[in-house]
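Visitor: Dropping a structure here in structure tokens format, bear with me for questions.
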Amino acid sequence: MALSNVLHAPAAGFNFDHAARNAELEGLFDAQIPKPVKTGTTIAGVVFKDGVVLGADTRATSSEVVADKMCSKIHYIAPNIYCCGAGTAADTEKTTELLSSNLTIFSLNSGRNPRVVMAVNILQEMLYRYHGQIGASLILGGVDCTGNHLYTVGPYGSVNTMPYLAMGSGDLAALGILEDGYKPDLELDKAKELVRAAIHAGVMNDLASGNNIDICVLTRGGVDHIRPYQVSQYKDKRKTKYKYGAGTTAVLTEKVVPVKLEVVEETVQRMDTA
Amino acid sequence: MEKRSVDSRVRGVSTGTTILAATFDGGVVIGSDSRASIGGEYVSSKTINKVVQVHDQIFCCMAGSLADAQAVTKAAKFHLSFHSVQMETPPLVIAAASVLQELCYNNKEELQAGFITAGWDRKKGPQVYVVPLGGMLVGQPVTIGGSGSTYIYGYVDAKYKPNMSREECLQFATNALALAMGRDNVSGGVAHLVVITETGVEHVVVPGNKLPKFHNE
């Protein structure tokens, strides 16, 4: 059975361990508490005729600084399931990794491919247990034996399923494009273009979303993770190389001291492999 | 998400909501709207499902925090299913309501979720029970809940009659939902209605533009 924690069963009820720890840590930082890296983000997903298309921007922000210009927000969960994450970068990364590990163990134990609804249930149970303290807003998309699925899981543990979804700080901009352009049973290229346009709207209208656009297409036949699908037209050309070649720092003196090792004890144990 | 949810009483996604249930001659109608909102200003879903089947002939409507309500109904489904396997018989509607009550009452500090349970069982026929926020359990022939219910108390008090026919009750429920959705900003979308009788369950969905219109619309 796949659980959100394989090592030990979680205690019943809500887990407020970190609340006490955070309160204690607050006293240690006399300047400011370090701000977590958020993905800012625009993520979107669309169900089309043959599967699901997921899309995301690639900007990770730490307040007003772009911490990562080529952040990967479309996470692998299973060969047939991928998950876009918005919110706190560490939370989305670790939550999806935990989910992926557990589903892999489940697959090995049961001999079955995981279903999207199972991934959703595990995520919901885990995020609900943390009562919103794990800042992860996720869009899960996948193709399994029951069809093409797209779900969203909120940080408090609420689940919703729709043929098109957008999350993150740029979700309103993306949703406008999706509401206007979505039709049931789209063809692949139309679906990819719709998702690209939705993320692009987020990139253009939300300061916390930007840089490149990644797309991930999931079908019965397999996965096509295109990274990047669209490169930002505002890419800056670096004026010089910032790598330091060998010899940049002059060596003034060199002293080599061999370490003398002697054998103190030697034991031989025969291994019986008959 | 922070910019939207800070001063809302419900953390995260709220069901806003209008929910109701009413008994008629031979069955019960349970219904809700389909809007989920954040902070009372953003509609995060126009088609959320608030009428959940907890057993073959027992349904629940959820109100309050969507995350809390979904978690409680999940636990309730499991408990009921286990209970019915142990008893080797379908559970009573009051059993379903009691399961919800226990979850809501024992966790009343952490939860913000209220429910209306309706269904049919062999012992008492069609029944409606309401389990509001604190975990009280009351059986009533007709009950309304959620933020939109405040606008339709008058309508329900005036128009509900015991032992209506199925069609009359369905029309009554549709009108009530439409009136509430028309006045409450956090209720809206489509009207989901489920009719439960001895013979089975029927799901009726009335899209927003097909809802009855009243004099000022």
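The backbone N, Cα and C atoms fix where each Cβ goes, and this holds for glycine too.
Residues or ranges marked as active site, nucleophile in TrEMBL: A:Thr41. The domain 'Proteasome beta subunit C-terminal' feature in TrEMBL is assigned to A:237-268.
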Visitor: Counting by DSSP, what is the helix, strand and coil composition of the domain 'Proteasome beta subunit C-terminal' (A:237-268)?
Guide: 0 helix, 0 strand, 32 coil
Visitor: Averaged over the domain 'Proteasome beta subunit C-terminal' (A:237-268), what pLDDT does the predicted model reach?
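Guide: Value for the domain 'Proteasome beta subunit C-terminal' (A:237-268), mean pLDDT as a whole number: 90.
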Visitor: Just to be sure I understand the packing, how many Cβ atoms besides its own are within 10 Å of the Cβ of A:Thr41 (active site, nucleophile)?
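Guide: A 10 Å sphere around the Cβ of A:Thr41 (active site, nucleophile) contains 31 other Cβ atoms.
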